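The annotation (6S)-5,6,7,8-tetrahydrofolate binding site is assigned in Swiss-Prot to LEU118, GLY122, HIS123, LEU124, GLU242, SER350, PRO351, PHE352 on the grounds of sequence analysis. Annotation comment: Swiss-Prot describes LYS226 as N6-(pyridoxal phosphate)lysine. If you look up Swiss-Prot, you'll see HIS225 marked as site 'Plays an important role in substrate specificity', on the strength of sequence analysis.
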Amino acid sequence: MDYSIKEQDFEVFELIEKELERQNEHLEMIASENFTFPSVMEAMGSILTNKYAEGYPFKRYYGGCEFVDKIEEIAIERAKKLFGANFVNVQPHSGSQANAAVYAAILKPYDKILGMDLSHGGHLTHGAKVSTSGQLYQSFFYGVELNGRIDYDKLALQAQVVKPNVLVCGFSAYTRELDFKRLREIADSVGAYLMGDIAHVAGLVVAGEYPNPFPHCHIVTTTTHKTLRGPRGGAILTNDEELYAKINKAVFPGIQGGPLMHIIAGKAVGFKENLKPEWKIYAKQVKSNIQALAEVLIKRNYELVSGGSDNHLILMSFLNKDFSGKDADLALGNAGITVNKNTIPGEIRSPFITSGIRIGSPALTARGMKEKEFEWIGEKIADILDDINNTNLQEHIKAQVKNFSRDFRIYDRPIF
(Lines of atoms letter the chains of each structure in order from A and count residues from 1; the text may use other names and numbers.)
(Lines give C-alpha, C1' and ligand atoms only; values in the text may rest on other atoms or scores of the structure.)
Protein backbone atom coordinates (compact mmCIF):
# COMPACT_ATOMS: atom_id res chain seq x y z
CA MET A 1 0.00 0.00 0.00
CA ASP A 2 1.21 3.51 -0.83
CA TYR A 3 1.37 5.51 2.42
CA SER A 4 2.60 8.74 0.79
CA ILE A 5 0.88 12.03 1.54
CA LYS A 6 0.01 12.28 -2.15
CA GLU A 7 -1.99 9.07 -1.96
CA GLN A 8 -3.38 9.40 1.55
CA ASP A 9 -4.22 13.12 1.66
CA PHE A 10 -4.07 14.76 -1.75
CA GLU A 11 -5.75 17.92 -0.43
CA VAL A 12 -2.79 18.66 1.85
CA PHE A 13 -0.24 17.39 -0.68
CA GLU A 14 -1.56 19.79 -3.31
CA LEU A 15 -1.13 22.75 -0.95
CA ILE A 16 2.42 21.66 -0.13
CA GLU A 17 3.15 21.52 -3.87
CA LYS A 18 1.78 25.04 -4.30
CA GLU A 19 4.00 26.24 -1.45
CA LEU A 20 7.00 24.66 -3.19
CA GLU A 21 6.07 26.62 -6.31
CA ARG A 22 5.80 29.83 -4.27
CA GLN A 23 9.18 29.28 -2.63
CA ASN A 24 10.83 28.58 -5.98
CA GLU A 25 9.19 31.37 -7.97
CA HIS A 26 9.09 34.19 -5.42
CA LEU A 27 11.93 36.03 -3.71
CA GLU A 28 11.84 35.21 0.00
CA MET A 29 13.29 38.22 1.81
CA ILE A 30 11.75 37.98 5.27
CA ALA A 31 14.81 38.23 7.52
CA SER A 32 13.75 35.44 9.88
CA GLU A 33 13.14 32.90 7.10
CA ASN A 34 15.57 30.61 5.34
CA PHE A 35 15.73 27.41 3.31
CA THR A 36 16.48 24.42 5.51
CA PHE A 37 19.00 21.80 4.41
CA PRO A 38 17.35 18.74 2.75
CA SER A 39 19.38 16.54 5.12
CA VAL A 40 17.75 18.31 8.06
CA MET A 41 14.28 17.78 6.59
CA GLU A 42 15.06 14.08 6.18
CA ALA A 43 15.88 13.84 9.88
CA MET A 44 12.69 15.70 10.81
CA GLY A 45 10.63 13.26 8.76
CA SER A 46 12.22 10.20 10.35
CA ILE A 47 10.84 7.50 12.67
CA LEU A 48 12.42 9.35 15.60
CA THR A 49 9.10 11.18 15.90
CA ASN A 50 7.74 7.96 17.46
CA LYS A 51 10.04 8.02 20.50
CA TYR A 52 9.21 9.55 23.86
CA ALA A 53 12.33 10.50 25.81
CA GLU A 54 11.42 12.60 28.85
CA GLY A 55 14.53 13.61 30.74
CA TYR A 56 18.09 13.99 29.48
CA PRO A 57 20.60 11.66 27.79
CA PHE A 58 21.22 8.55 29.91
CA LYS A 59 18.78 9.89 32.56
CA ARG A 60 15.40 9.17 30.96
CA TYR A 61 12.04 8.28 32.40
CA TYR A 62 11.37 5.87 29.52
CA GLY A 63 13.18 2.79 28.27
CA GLY A 64 14.39 2.21 24.74
CA CYS A 65 16.30 5.50 24.58
CA GLU A 66 19.77 4.12 23.85
CA PHE A 67 19.82 5.51 20.30
CA VAL A 68 18.07 8.83 20.88
CA ASP A 69 20.42 9.40 23.82
CA LYS A 70 23.36 9.23 21.42
CA ILE A 71 21.64 11.52 18.91
CA GLU A 72 20.95 14.19 21.54
CA GLU A 73 24.51 13.88 22.82
CA ILE A 74 25.82 14.45 19.27
CA ALA A 75 23.63 17.57 18.94
CA ILE A 76 24.93 18.92 22.26
CA GLU A 77 28.60 18.30 21.44
CA ARG A 78 28.31 19.89 18.01
CA ALA A 79 26.56 22.95 19.44
CA LYS A 80 29.26 23.32 22.10
CA LYS A 81 31.93 23.26 19.40
CA LEU A 82 30.01 25.68 17.17
CA PHE A 83 29.31 28.34 19.78
CA GLY A 84 32.30 27.85 22.07
CA ALA A 85 30.04 27.07 25.03
CA ASN A 86 30.67 24.57 27.82
CA PHE A 87 27.02 23.59 28.33
CA VAL A 88 24.08 23.36 25.90
CA ASN A 89 20.44 22.36 26.18
CA VAL A 90 19.01 21.44 22.75
CA GLN A 91 15.51 20.51 23.92
CA PRO A 92 13.58 23.82 23.64
CA HIS A 93 10.87 23.54 21.00
CA SER A 94 11.43 27.15 19.91
CA GLY A 95 13.30 30.34 20.67
CA SER A 96 10.35 31.59 22.70
CA GLN A 97 10.40 28.39 24.77
CA ALA A 98 14.14 28.82 25.29
CA ASN A 99 13.65 32.36 26.59
CA ALA A 100 10.77 31.30 28.84
CA ALA A 101 12.93 28.54 30.31
CA VAL A 102 15.76 30.96 31.06
CA TYR A 103 13.41 33.31 32.88
CA ALA A 104 11.97 30.38 34.84
CA ALA A 105 15.51 29.34 35.78
CA ILE A 106 16.82 32.67 37.02
CA LEU A 107 13.80 34.81 37.95
CA LYS A 108 10.98 34.79 40.47
CA PRO A 109 7.53 36.18 39.62
CA TYR A 110 7.62 39.99 39.44
CA ASP A 111 11.40 40.15 39.12
CA LYS A 112 12.57 42.78 36.63
CA ILE A 113 13.47 42.32 32.97
CA LEU A 114 15.14 45.11 30.99
CA GLY A 115 14.90 44.35 27.28
CA MET A 116 14.75 46.06 23.92
CA ASP A 117 11.39 47.62 23.10
CA LEU A 118 9.45 45.59 20.54
CA SER A 119 8.74 48.70 18.47
CA HIS A 120 12.47 49.48 18.39
CA GLY A 121 13.53 46.06 17.16
CA GLY A 122 13.20 43.80 20.20
CA HIS A 123 11.13 40.63 20.50
CA LEU A 124 7.83 39.71 22.16
CA THR A 125 9.65 37.49 24.66
CA HIS A 126 11.87 40.33 25.88
CA GLY A 127 9.11 41.61 28.16
CA ALA A 128 6.32 42.76 25.83
CA LYS A 129 3.07 43.13 27.78
CA VAL A 130 1.19 40.81 25.40
CA SER A 131 3.73 38.06 26.17
CA THR A 132 3.90 36.03 29.38
CA SER A 133 7.39 37.52 29.78
CA GLY A 134 5.66 40.84 30.40
CA GLN A 135 2.95 39.37 32.60
CA LEU A 136 4.86 37.09 34.96
CA TYR A 137 7.66 39.62 35.41
CA GLN A 138 8.01 43.39 35.64
CA SER A 139 9.28 44.50 32.25
CA PHE A 140 11.12 47.67 31.33
CA PHE A 141 12.46 48.70 27.95
CA TYR A 142 15.37 50.42 26.28
CA GLY A 143 15.34 51.46 22.66
CA VAL A 144 17.36 52.97 19.88
CA GLU A 145 17.95 56.61 19.09
CA LEU A 146 16.61 58.27 15.94
CA ASN A 147 19.84 57.19 14.21
CA GLY A 148 18.76 53.58 14.71
CA ARG A 149 21.54 52.74 17.20
CA ILE A 150 21.60 51.89 20.90
CA ASP A 151 23.00 54.62 23.15
CA TYR A 152 24.90 52.50 25.69
CA ASP A 153 25.54 55.40 28.07
CA LYS A 154 21.81 56.09 28.18
CA LEU A 155 21.12 52.38 28.72
CA ALA A 156 23.61 52.33 31.62
CA LEU A 157 21.74 55.19 33.31
CA GLN A 158 18.42 53.44 32.73
CA ALA A 159 19.76 50.24 34.29
CA GLN A 160 20.77 52.19 37.40
CA VAL A 161 17.18 53.39 37.75
CA VAL A 162 15.42 50.10 36.93
CA LYS A 163 17.86 47.75 38.72
CA PRO A 164 16.82 44.75 36.58
CA ASN A 165 17.42 41.14 37.56
CA VAL A 166 18.23 40.33 33.95
CA LEU A 167 19.35 42.54 31.07
CA VAL A 168 18.25 41.02 27.77
CA CYS A 169 20.20 41.87 24.63
CA GLY A 170 19.02 40.65 21.27
CA PHE A 171 16.61 41.65 18.58
CA SER A 172 14.33 40.84 15.70
CA ALA A 173 14.97 44.07 13.80
CA TYR A 174 18.26 45.81 14.67
CA THR A 175 20.76 46.38 11.90
CA ARG A 176 23.99 46.91 13.84
CA GLU A 177 26.39 44.86 15.95
CA LEU A 178 25.75 44.57 19.67
CA ASP A 179 28.56 45.55 22.04
CA PHE A 180 28.37 42.52 24.33
CA LYS A 181 31.35 43.68 26.42
CA ARG A 182 29.68 47.01 27.17
CA LEU A 183 26.37 45.28 27.88
CA ARG A 184 28.07 42.99 30.40
CA GLU A 185 29.60 46.00 32.14
CA ILE A 186 26.13 47.53 32.41
CA ALA A 187 24.65 44.28 33.75
CA ASP A 188 27.47 43.91 36.28
CA SER A 189 26.98 47.48 37.48
CA VAL A 190 23.52 46.57 38.79
CA GLY A 191 24.14 42.91 39.66
CA ALA A 192 22.01 41.60 36.79
CA TYR A 193 22.37 38.55 34.61
CA LEU A 194 23.16 39.29 30.96
CA MET A 195 21.12 37.14 28.61
CA GLY A 196 21.92 37.24 24.90
CA ASP A 197 19.19 36.25 22.45
CA ILE A 198 21.07 35.66 19.18
CA ALA A 199 18.22 33.92 17.34
CA HIS A 200 18.59 36.21 14.33
CA VAL A 201 22.37 36.26 13.99
CA ALA A 202 23.47 32.83 15.25
CA GLY A 203 24.49 31.68 11.77
CA LEU A 204 26.75 34.71 11.45
CA VAL A 205 28.13 34.32 14.98
CA VAL A 206 29.32 30.74 14.42
CA ALA A 207 31.04 31.81 11.19
CA GLY A 208 32.89 34.69 12.85
CA GLU A 209 30.85 37.28 10.93
CA TYR A 210 29.17 38.75 14.03
CA PRO A 211 30.51 39.23 17.58
CA ASN A 212 30.28 36.17 19.82
CA PRO A 213 28.22 36.81 22.97
CA PHE A 214 30.62 34.60 24.93
CA PRO A 215 32.37 35.16 27.29
CA HIS A 216 30.29 38.23 28.10
CA CYS A 217 26.78 36.77 28.42
CA HIS A 218 25.86 34.57 31.37
CA ILE A 219 23.29 32.78 29.20
CA VAL A 220 22.68 32.73 25.45
CA THR A 221 19.53 31.60 23.67
CA THR A 222 19.00 30.99 19.98
CA THR A 223 16.72 29.47 17.44
CA THR A 224 18.16 26.76 15.21
CA HIS A 225 16.57 27.91 11.95
CA LYS A 226 16.83 31.51 10.66
CA THR A 227 20.49 32.17 9.77
CA LEU A 228 21.52 28.64 10.88
CA ARG A 229 19.30 26.93 8.27
CA GLY A 230 18.46 24.11 10.67
CA PRO A 231 15.08 22.85 11.92
CA ARG A 232 12.60 25.12 13.66
CA GLY A 233 13.62 24.91 17.30
CA GLY A 234 15.63 26.49 20.09
CA ALA A 235 18.74 26.01 22.22
CA ILE A 236 20.19 27.46 25.44
CA LEU A 237 23.92 27.87 26.04
CA THR A 238 26.01 28.82 29.05
CA ASN A 239 29.50 28.43 30.50
CA ASP A 240 28.21 28.27 34.08
CA GLU A 241 27.56 24.75 35.39
CA GLU A 242 25.30 25.95 38.20
CA LEU A 243 23.17 27.94 35.77
CA TYR A 244 23.10 24.96 33.43
CA ALA A 245 21.55 22.78 36.13
CA LYS A 246 18.86 25.40 36.75
CA ILE A 247 18.20 25.74 33.02
CA ASN A 248 17.83 21.99 32.57
CA LYS A 249 15.26 21.82 35.37
CA ALA A 250 13.41 24.79 33.90
CA VAL A 251 13.17 23.15 30.47
CA PHE A 252 12.20 19.72 31.85
CA PRO A 253 10.14 19.25 33.90
CA GLY A 254 9.56 23.02 34.16
CA ILE A 255 7.93 24.12 30.92
CA GLN A 256 8.19 21.11 28.59
CA GLY A 257 7.52 17.39 28.68
CA GLY A 258 8.97 15.02 26.12
CA PRO A 259 11.56 16.47 23.73
CA LEU A 260 11.00 16.23 19.98
CA MET A 261 13.68 13.70 19.08
CA HIS A 262 13.16 14.01 15.31
CA ILE A 263 13.78 17.77 15.64
CA ILE A 264 16.81 17.23 17.88
CA ALA A 265 18.19 14.90 15.19
CA GLY A 266 17.58 17.72 12.70
CA LYS A 267 19.51 20.07 14.99
CA ALA A 268 22.43 17.64 15.09
CA VAL A 269 22.47 17.36 11.29
CA GLY A 270 22.16 21.13 10.90
CA PHE A 271 25.02 21.79 13.32
CA LYS A 272 27.23 19.47 11.27
CA GLU A 273 26.43 21.57 8.19
CA ASN A 274 27.31 24.72 10.16
CA LEU A 275 30.68 23.23 11.13
CA LYS A 276 31.74 22.77 7.50
CA PRO A 277 34.22 25.26 5.95
CA GLU A 278 31.57 26.21 3.36
CA TRP A 279 29.46 27.72 6.11
CA LYS A 280 31.88 30.61 6.57
CA ILE A 281 31.59 31.37 2.85
CA TYR A 282 27.79 31.40 3.09
CA ALA A 283 27.73 33.69 6.14
CA LYS A 284 30.15 36.15 4.55
CA GLN A 285 27.98 36.20 1.42
CA VAL A 286 24.86 36.90 3.51
CA LYS A 287 26.48 40.12 4.72
CA SER A 288 27.90 41.08 1.32
CA ASN A 289 24.50 40.62 -0.28
CA ILE A 290 22.57 42.77 2.18
CA GLN A 291 25.20 45.50 1.78
CA ALA A 292 24.90 45.35 -2.01
CA LEU A 293 21.13 45.70 -1.68
CA ALA A 294 21.49 48.59 0.76
CA GLU A 295 23.80 50.50 -1.58
CA VAL A 296 21.30 50.31 -4.44
CA LEU A 297 18.39 51.46 -2.30
CA ILE A 298 20.39 54.38 -0.90
CA LYS A 299 21.37 55.42 -4.44
CA ARG A 300 17.70 55.31 -5.34
CA ASN A 301 17.04 57.81 -2.51
CA TYR A 302 15.50 55.45 0.01
CA GLU A 303 16.26 55.92 3.70
CA LEU A 304 17.63 53.00 5.69
CA VAL A 305 17.46 52.92 9.49
CA SER A 306 21.02 53.43 10.84
CA GLY A 307 22.19 54.02 7.27
CA GLY A 308 22.94 50.39 6.46
CA SER A 309 23.65 47.04 8.10
CA ASP A 310 26.28 45.04 9.99
CA ASN A 311 24.34 41.81 9.78
CA HIS A 312 21.75 40.10 7.55
CA LEU A 313 18.94 42.65 7.46
CA ILE A 314 18.02 46.21 6.61
CA LEU A 315 15.10 48.39 7.67
CA MET A 316 13.64 50.76 5.09
CA SER A 317 12.04 53.89 6.53
CA PHE A 318 9.05 55.55 4.86
CA LEU A 319 8.65 58.36 7.38
CA ASN A 320 9.36 60.77 4.52
CA LYS A 321 6.97 59.01 2.13
CA ASP A 322 3.21 59.20 1.69
CA PHE A 323 2.83 55.42 1.85
CA SER A 324 3.18 53.00 4.77
CA GLY A 325 5.08 49.82 5.50
CA LYS A 326 1.87 47.89 4.95
CA ASP A 327 1.47 49.49 1.51
CA ALA A 328 5.05 48.61 0.57
CA ASP A 329 4.69 45.05 1.88
CA LEU A 330 1.57 44.54 -0.25
CA ALA A 331 3.02 46.10 -3.41
CA LEU A 332 6.22 44.06 -3.22
CA GLY A 333 4.24 40.92 -2.45
CA ASN A 334 2.15 41.50 -5.57
CA ALA A 335 5.43 41.53 -7.51
CA GLY A 336 6.65 38.25 -6.02
CA ILE A 337 9.00 39.81 -3.46
CA THR A 338 8.16 38.74 0.10
CA VAL A 339 9.15 41.11 2.93
CA ASN A 340 7.38 42.22 6.11
CA LYS A 341 6.11 45.54 7.38
CA ASN A 342 8.01 46.69 10.47
CA THR A 343 7.95 49.47 13.03
CA ILE A 344 10.93 51.82 12.97
CA PRO A 345 12.51 54.44 15.27
CA GLY A 346 10.31 57.55 15.35
CA GLU A 347 7.28 55.47 14.33
CA ILE A 348 4.12 57.51 13.64
CA ARG A 349 1.78 54.71 12.55
CA SER A 350 0.23 51.73 14.33
CA PRO A 351 2.07 48.37 14.52
CA PHE A 352 -0.49 47.02 12.06
CA ILE A 353 0.38 49.69 9.48
CA THR A 354 3.98 50.78 10.29
CA SER A 355 6.34 53.17 8.55
CA GLY A 356 8.93 50.64 7.45
CA ILE A 357 9.72 47.23 6.07
CA ARG A 358 12.32 44.67 7.09
CA ILE A 359 14.34 42.90 4.39
CA GLY A 360 16.81 40.04 4.87
CA SER A 361 19.35 38.24 2.70
CA PRO A 362 19.75 34.72 4.24
CA ALA A 363 17.15 32.81 2.19
CA LEU A 364 18.16 34.13 -1.22
CA THR A 365 21.83 33.65 -0.35
CA ALA A 366 21.00 30.01 0.39
CA ARG A 367 19.62 29.81 -3.16
CA GLY A 368 23.03 30.83 -4.52
CA MET A 369 22.40 34.51 -5.21
CA LYS A 370 25.27 36.99 -4.90
CA GLU A 371 25.87 40.74 -5.11
CA LYS A 372 24.88 41.01 -8.79
CA GLU A 373 21.50 39.41 -8.12
CA PHE A 374 20.87 41.55 -5.04
CA GLU A 375 21.65 44.68 -7.01
CA TRP A 376 19.04 43.62 -9.59
CA ILE A 377 16.53 42.96 -6.81
CA GLY A 378 17.29 46.35 -5.26
CA GLU A 379 16.47 48.10 -8.52
CA LYS A 380 13.18 46.20 -8.78
CA ILE A 381 12.23 47.07 -5.20
CA ALA A 382 12.92 50.74 -5.89
CA ASP A 383 11.00 50.63 -9.18
CA ILE A 384 7.94 49.25 -7.40
CA LEU A 385 8.10 51.73 -4.52
CA ASP A 386 8.68 54.67 -6.87
CA ASP A 387 5.27 53.94 -8.43
CA ILE A 388 3.62 52.04 -5.61
CA ASN A 389 0.06 52.09 -6.96
CA ASN A 390 1.01 50.81 -10.42
CA THR A 391 -0.42 47.27 -10.39
CA ASN A 392 0.52 46.72 -14.03
CA LEU A 393 4.17 47.33 -13.14
CA GLN A 394 3.85 44.92 -10.22
CA GLU A 395 2.50 42.20 -12.54
CA HIS A 396 5.30 42.87 -15.03
CA ILE A 397 8.00 42.59 -12.35
CA LYS A 398 6.35 39.47 -10.95
CA ALA A 399 6.84 37.80 -14.33
CA GLN A 400 10.46 38.96 -14.37
CA VAL A 401 10.99 37.61 -10.85
CA LYS A 402 9.54 34.24 -11.85
CA ASN A 403 11.88 33.99 -14.83
CA PHE A 404 14.85 35.24 -12.79
CA SER A 405 14.18 32.67 -10.05
CA ARG A 406 14.40 29.68 -12.40
CA ASP A 407 18.18 29.71 -12.23
CA PHE A 408 18.10 29.52 -8.42
CA ARG A 409 15.71 26.67 -7.60
CA ILE A 410 16.69 25.17 -4.26
CA TYR A 411 14.34 22.18 -3.99
CA ASP A 412 13.30 19.77 -6.74
CA ARG A 413 10.52 18.19 -4.68
CA PRO A 414 8.27 19.27 -1.81
CA ILE A 415 8.87 16.40 0.63
CA PHE A 416 12.14 14.86 1.86
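Backbone N, Cα and C atoms are what each Cβ position is placed from, and that goes for glycine too.
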Response to the item:
Here the binding-site residues are LEU118, LEU124; the one whose Cβ sees the most other Cβ atoms within 10 Å is LEU118
Worksheet item: Given the binding-site residues GLY122, PRO351, which one is most crowded in terms of C-beta atoms within 10 angstroms?
Response: GLY122
Discussion item. Taking DSSP as the reference, which of helix, strand or coil describes LYS226 (N6-(pyridoxal phosphate)lysine)?
Written reply: helix
Fill in: Greatest inter-residue Cα distance in Å for the (6S)-5,6,7,8-tetrahydrofolate-binding set LEU118, GLY122, HIS123, LEU124, GLU242, SER350, PRO351, PHE352
43
Practice prompt. Could you say whether, by DSSP, LEU118 ((6S)-5,6,7,8-tetrahydrofolate binding site) belongs to a helix, a strand or a coil region?
Written response: helix
Discussion item. For a quick check of packing: other C-beta atoms within 10 Å of the C-beta of HIS123 ((6S)-5,6,7,8-tetrahydrofolate binding site), how many?
Written reply: 23
Worksheet item: About how far apart, in whole Å, are the alpha carbons (Cα) of LEU124 ((6S)-5,6,7,8-tetrahydrofolate binding site) and HIS225 (site 'Plays an important role in substrate specificity')?
Response: 18
Practice prompt. Could you tell me which of these recorded positions, HIS225, LYS226, GLU242, SER350, has the fewest other Cβ atoms within 10 Å of its Cβ?
Written response: GLU242
Discussion item. According to DSSP, does HIS123 ((6S)-5,6,7,8-tetrahydrofolate binding site) sit in a helix, a strand, or coil?
Written reply: coil
